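Colleague: Before I ask anything, let me first share the structure, which is written out below as structure tokens.
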């Protein structure tokens, strides 16, 4: 492990390898490269000190260097203990950007690194957060509440909360009042994923959101592309790299049929699996049925299916009783943000055999075994390298524009959760059309007037569902 200077990465010697892959990724990320061209001279993020908590991948490296090109100072950590690509982290560290991320880091290190991305060398404070899952935001808000006298650190509900609370207490002791100062310095947060967005909306509804937030996840060019088309390619990639199991002919169960579930079902179906879906929402259940999938109860298929994938963003979706009833060598994995969709903690007292990194064989007393991928964390990033660069370009262009919005227009945003305006959503899409050879039909003035839009867009109302 290298700890020289202001970074922690697995091996700084991997920087050249990482740089070569970053160069390839840049050619597949036209949105971010266009942002550099458009904003590189004016540097709208000059003065921004961005704390970033998002998977430290090659694609994220292109995002980080775009933010820097637009004038920002950046400190970065991964939002998942298994998702870092060590050569990407090394390349970013070698470029001079402080990054704290190692694939397979411990939970203790994860929260230490989350603290480090707020600790600037000159003792200053972050003024922006770029988050994925909400952990960086939660770290600051929980600490500030503790400083205000609230009893928020006494009753951890999981091992991870116990570790998180210990790290907060350590910072409270080392820097009294720091959390409150850091909270008050934040101009805004941009949130990448469904789970983190849900956290922000809950805070907003309770009146506990102390700064503006932009919900990047619900930009159409994020949720309908990253969540769907990204998962469509990366889920099967992760299962294959982890298990080398042939999916054609297998029965696969996808728990949840939101955007991630839709992409996951398509991924498995495209690999030849016979896909069944479980769903609590009647609208999503009807969509699944009309897309040709059998919608079932997990309990009815748990003993016969071969592959189980959770996509819900909820907790305890696959429980210990389900896994106990599975056939021998069933594959169990998750592509939702957190690891609590699968009741992994209840498996800890069983026999675990590590097959290779992020692949474990777990044996039940009756002799049946399951293959657990990435310990129930994001398997597409733990067992593979995540979504392809092109689709991540759309997501990260949204992030870049959202950071510019909140940093440069503080008077236009109050302490609520916002979505990027439609014209910016359409802009993100436009930036990715040339790469695919797409030619847009242009409306005449008469046609545009007939449907009540501008010939240049936006073309849909805010409530339109794509």
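Cβ atoms here come from the backbone N, Cα and C positions, even for glycine.
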Colleague: If Swiss-Prot says 57, 192, 222, 226 bind substrate, which of 122, 132, 291 does it name for the same site?
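Modeller: Record source Swiss-Prot; matching candidate: 132.
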Colleague: Cα-Cα separation of residue 337 (NAD(+) binding site) and residue 132 (substrate binding site), in Å?
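Modeller: Given the Cα positions, residue 337 (NAD(+) binding site) is 9 Å from residue 132 (substrate binding site).
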Colleague: Please give me the binding-site residues out of 57, 132, 192, 222 that lie within 10 Å of residue 260 (NAD(+) binding site), comparing Cα atoms only.
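Modeller: Correct set: empty; none qualify.
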Colleague: To the nearest whole angstrom, state the Cα distance for the pair residue 57 (substrate binding site) and residue 258 (NAD(+) binding site).
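Modeller: Residue 258 (NAD(+) binding site) has its Cα 25 Å from the Cα of residue 57 (substrate binding site).
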Colleague: With substrate as the bound species and 57, 132, 192, 222, 226 as its recorded binding residues, calculate the greatest Cα-Cα distance and give it in Å as a whole number.
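Modeller: Largest pairwise Cα separation, rounded: 17 Å.
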Colleague: Distance between residue 195 (NAD(+) binding site) and residue 132 (substrate binding site) at the Cα atoms, whole Å?
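Modeller: Just about 8 Å between their Cα atoms.
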Colleague: Counting other Cβ atoms within 10 Å of each residue's Cβ, which of the binding-site residues 222, 337 comes out lowest?
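Modeller: Output over binding-site residues 222, 337: least Cβ neighbours within 10 Å is 337.
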Colleague: Translate the DSSP assignment of residue 260 (NAD(+) binding site) into the three-state scheme.
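Modeller: Looking at the DSSP assignment, residue 260 (NAD(+) binding site) belongs to a helix.
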Colleague: Nearest by CA distance to residue 256 (NAD(+) binding site): which of the binding-site residues is it, out of 132, 192, 222, 226?
Modeller: 226
